[in-house]
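Report on the following structure.
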Ligand SMILES: NC(=O)c1ccc[n+]([C@@H]2O[C@H](COP(=O)([O-])OP(=O)(O)OC[C@H]3O[C@@H](n4cnc5c(N)ncnc54)[C@H](O)[C@@H]3O)[C@@H](O)[C@H]2O)c1
Ligand SMILES: CC(C)[C@H](C(=O)O)[C@@H](O)C(=O)O
Ligand SMILES: [Mg+2]
């Protein structure tokens with residue numbers, strides 16, 4: 001039976017990197033007779049331009065029907081000036097995540113050995129780095145109610161958001177993280193701010209409770225400020241990290257630089273059944289859009305995650321990851337991961353190289 005992959009290029013560098021990832025997906029589809037069919041839809045700023053809203057009904061319907069979704073990135077200065085926050089491009093992305101229940105966000109920060117000199121840290125501190133950040137994606141302060149901007153007495157405006165998690169949401173993401181840790185290095189660090197925020201006191205309590213079901217996994221807790229510092233001091237102390245929506249957003253961007261560039265960090269956002277949306281962790285990078293400078297590897301590696309987690313094609317995922325490694329062995333680098341003695345290539349040339357490596 002055929003499976004449908006919905007492609008959402010989005011804005012800025014989104015279409016450029018998705019084009020390369022799509023070539024890779026189309027190639028493996030043909031090579032290994034995966035039976036994938038592709039549809040494309042608008043999201044974010046591109047959807048605002050066409051339909052006036054960041055998540056048109058047709059896009060949400062297509063997302064619900066798809067077996068898996070590949071997204072580029074959304075947002076950019078063209079839409080930043082829109083006064084109504086409800087039609088910011090990012091609402092399209094958050095709308096898909098929440099409507100599809102994609103609560104489990106996996107963000108693997110892996111240093112390819114070839115990129116040891118592109119990392120922000122010294123090679124000896126990062127060599128062999130392989131961390132998985134498990135970020136809760138459909139709750140927390142991103143979605144908590146009430147939220148808004150109100151006028152206080154005296155006419156002073158105040159903005160407010162609500163940081164809320166119920167125990168089921170915490171347990172659900174905790175299980176994803178404990179299961180991942182069980183499959184990996186058997187070490188899980190839960191990141192919170194339990195010295196200040198009640199919601200994370202509950203988070204810590206639930207994680208401790210879950211730990212009783214996973215005696216083979218060593219659970220530790222860390223405050224988020226320390227976790228940010230430890231990530232850039234001694235990142236290899238971590239195996240799996242689990243945290244809430246906003247802390248996970250911030251920590252995963254920090255972890256990205258340990259791997260050489262945010263252009264190397266893929267992600268999977270999964271629902272309870274393993275259906276998922278796959279996207280690079282970075283944004284639409286308006287500063288380099290349209291210049292052929294964007295690194296497409298995070299998006300190509302997101303395709304590998306799609307094959308592994310949603311399409312039951314783990315062997316093909318391995319082949320894509322091996323092809324990425326091979327291309328790095330050939331010393332090809334986009335600008336963001338460039339270092340001495342390497343050859344700089346464009347977004348499309350990097351795509352060409354991965355396609356050629358897969359063809360063998
Ligand atoms: N998932 C998403 O769609 C997503 C994620 C983050 C930010 N955004 C949106 O993107 C827009 C820009 O945000 P930002 O500038 O804060 O973050 P960004 O991630 O787009 O860019 C941050 C920096 O990283 C660089 N960069 C990002 N991806 C790269 C790649 N593949 N190759 C090389 N360099 C890359 C950019 O050039 C920029 O200097 C905003 O509208 C923001 O809301 C969207
Ligand atoms: C664009 C934005 C809403 C998004 C987030 O904060 O989740 C992005 O930064 C990400 O990391 O996917
Ligand atoms: Mg982010």
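Easy rule for this one: first residue shown is 1, then count along the chain.
Cβ atoms here come from the backbone N, Cα and C positions, even for glycine.
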Binding-site annotation, TrEMBL, substrate: partner of 97, 135, 225 in 107, 147, 150:
107
107, 249, 285, 291: which of these binding-site residues put a Cβ within less than 6 Å of any ligand 2 atom?
249
Taking only the binding-site residues 97, 107, 249, 285, 293, 295, which have a CB closer than 6 angstroms to any atom that belongs to ligand 3?
249
Those recorded positions, 97, 135, 142, 225: which ones have a Cβ sitting under 6 Å from ligand 1?
none
Compute all pairwise C-alpha distances among 97, 107, 135, 225, the residues listed as binding substrate, and give the largest one in whole angstrom.
27
